[in-house]
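S.K.: This is the structure I have questions about; it appears just below.
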Amino acid sequence: MAEKAPPGLNRKTSRSTLSLPPEPVDIIRSKTCSRRVKINVGGLNHEVLWRTPDRLPRTRLGKLRDCNTHESLLEVCDDYNLGHNEYFFDRHPGAFTSILNFYRTGKLHMMEEMCALSVGQELDYWGIDEIYLESCCQARYHQKKEQMNEELRREAETMRDGEGEEFDNTCCPEKRKKSRDLLEKPNSSVAAKILAIVSNLFIVLSTIALSLNTLPELQEMDEFGQPNDNPQLAHVEAVCNAWFTMEYLLRFLSSPNKWKFFKGPLNVIDLLAILPYYVTIFLTESNKSVLQFQNVRRVVQIFRIMRILRILKLARHSTGLQSLGFTLRRSYNELGLLILFLAMGIMIFSSLVFFAEKDADATKFTSIPASFWWATITMTTVGYGDIYPKTLLGKSVGGLCCIAGVLVIALPIPIIVPPFSEFYKEQKRQEKAIKRREALERAKRNGSIVSMNLKDAFARSMELIDVAVEKAGESSSTKDSADDNHLSPSRWKWARKALSETSSNKSYENKYQEVSQKDSHEQLNNTSSSSPQHLSAQKLEMLYNEITKTQPHPAPNPDGQEQPDRPSAYEEEIEMEEVVCPQEQLAVAQGEVIVDMKSTSSIDSFTSCATDFTETERSPLPPLSASHLQMRFPPDLAGTDEHQRARGPPFLMLARGKGPAGRDAILEYAPVDITVSLDASGSKVGSHGPLQPDSASESPKSSLKGSNPLKSRSLRVNFKENRGSAPQTPPSTARPLPVTTADFSLTAPQLISTILLEETPSQGDRPLLGAEGSAHCQGPSKGLSPRFPKQKLFPFSSRERRSFTEIDT
């Protein structure tokens, strides 16, 4: 996990600027410095040798060794910490134990307590194929996986059936939905339960009436001498059939999908239970004559028998009957196998018993088809006794037929019973799940519960923050909080997007100088309150709405136009480090403490300076030997084209908005043994009078850093007008102390003294011109030049910015 250094702590890391991702060289150095690597999976730390993940280079851990950029690392892991050589994966820690053991031993086993589906997901994430599972775990894994897939498939079908029944595009959707729940879901309400009970009573009543109509005592003879239904029972039959018809029509009208309604098995049963009654009435009323009635009598009897199918309507409200139907549909392969075994046995034993009994006296086995009945009742162990063998050979065949029947029937039963039990339990579980889901839906509609996935909430919060930053990116940008992770992937995606939207010539320092226009205290408060870890969805939406309503502030004007006044109560602490020179120490106030600059090296920590700091600790400066600072005034810069100026040597341009000297002063590097200073009025002072324009010589180290786009950034220093005069702070030899811009604002600017800081030779970087504190510049001589008898201080810019000074390195 990439951590931020605490304030005041100077950590010797590969990159001290926390607002930038680590460079590939730093990542490679971190990996090569240690033979071991720390892998943090879900908070559980594992420490292994680098050669362990290298054994499987195509897996996720194997690719970790080859990732040398920030983006590639975040594609493999979720977070990392180069300082501790630690890589974080937000995955199940228990499953990773088995996976890491596979890297070490080459044996992959599945943990007993883990779900098969979860194990499969973990194997897919780490890039390991399930074929590497050992034989002792493969059977259990595939059995559980098949079971889980079947349950998920059934649940998906149930959910799809429920989701497919939408009423949005139909007429009166609310009323139709309520009527459908009333007729199809008995557990949805009390009225639905009452309606289901009444429907079941009509089914039972019609079945009883159908049975009583067959009693001779209750039948009546018609004019042709044929028995007819009892009139009272006929009225009961008519009422029951009217109820069934009304129920079927209401169910059809409330159904969103008519074709799906007709194909439903329970609806087909309802239709077959209703049609025979109307067909019987039509046939009997349309054929009044004796001859016609005799022709349709048998057809009418068949349709009357079909009324018994009404008993199957009970399956609509019975989970057990639905389980039986599901078992028959699911086990049709096993049932077909059972019927095939029985058919083969019947054919074999009926043929054997026929040839064994055909010569016996008064035998009943007259043919093989006549022997089918005996083989069937014998194999099913029924044995009516109406037909049986009499010879010894025939009895032997009968014994073998009984044994074969027991084996044939008993073997498929264990295959058929478990699906019935499982489906019954599954139906009960689904009923409870449906109730729970409906309760959650009602709670969500009422606003009493908010269901949100944590990862979805975090991703949504990050999207809202990115949109908010883009909306306000024209004028200001919030500073990174000290508690937030600076290696957040979404943050770098936004940074890349911001760079791509700008021009190709817009460098990193220009972006950061725009960011630094906002008050640092205000940024800290906003960032701490808008961190995605501490915001709910409502607060994020409010934040987005507020930011989109705010008007963008005007950007800094490089032409020297006056910026809007900022509040006077603005104070910013600048952390500095002691710079020791042979002649004289830095002039700072007594009673203050200096903190290491690298602890707050972010660009956003102060508003007036934008610079880059080196990775190594700063050391006291030796006497300048290579390059020195020289100031010259060209004859006329007003007519010079800006494009031609940009092509000139590196210079420091001092544009004064007000004052007697309104010219542009150019500071350039030249091997001249002089020191340049500027008095309070802006006049130039030098050892040779007005400086002549000459060619500037650059330090040999300056070319080493130009190849790095992240380090070749310009330095901007904003100066402020005089606010009065104050006594000069005497130089102090005590330890450096913190200096604030509020203290400088009370001091009259009298002298600009700059110093050229050199980095350590091991870094190979050219020296940077430090502008974060008051300093002085010395030549190669041991003492100060007599032309400059005094050291004067110049304050840093605060809320007002009058001019801009730029050093292009």
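Every residue, even glycine, has its Cβ placed from backbone N, Cα and C.
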S.K.: Of N187, N287, which does Swiss-Prot mark as N-linked glycosylation site?
M.R.: N287
S.K.: So, F262 and E357, same side of the membrane or not, per Swiss-Prot?
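M.R.: E357 and F262, as annotated in Swiss-Prot, occupy opposite sides of the membrane (different topological domains).
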S.K.: How many helix, strand and coil residues does the topological domain 'Extracellular' (389-395) contain under DSSP?
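M.R.: Secondary-structure composition of the topological domain 'Extracellular' (389-395): 4 helix, 0 strand, 3 coil.
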S.K.: Can you tell me how the residues of the topological domain 'Cytoplasmic' (255-265) break down into helix, strand and coil by DSSP?
M.R.: 7 helix, 0 strand, 4 coil
S.K.: When the pLDDT values for the topological domain 'Cytoplasmic' (1-190) are averaged, what is the result?
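M.R.: The answer is 80, the mean pLDDT of the model over that range.
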S.K.: Would you kindly check 191-212, 233-254, 266-284, 297-317, 333-354 and say which stretch has the most C-beta pairs under 8 angstroms to the transmembrane segment (396-424)?
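M.R.: Counting Cβ pairs under 8 Å, the winner is 333-354.
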S.K.: So, taking each listed stretch (191-212, 233-254, 297-317, 333-354) in turn and counting its Cβ pairs to the transmembrane segment (266-284) that are under 8 angstroms, which one gives the highest count?
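M.R.: Selected stretch: 297-317, with the most Cβ pairs under 8 Å.
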S.K.: For the topological domain 'Cytoplasmic' (318-332), could you work out the same-chain residues 6 or more beyond its ends whose Cβ comes under 8 Å from its Cβ atoms?
M.R.: 265, 312, 415-416, 419-420, 423-424, 427-428, 431
S.K.: Looking only at the topological domain 'Cytoplasmic' (318-332), what are its DSSP counts of helix, strand and coil residues?
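M.R.: Helix, strand and coil residues of the topological domain 'Cytoplasmic' (318-332) number 13 helix, 0 strand, 2 coil.
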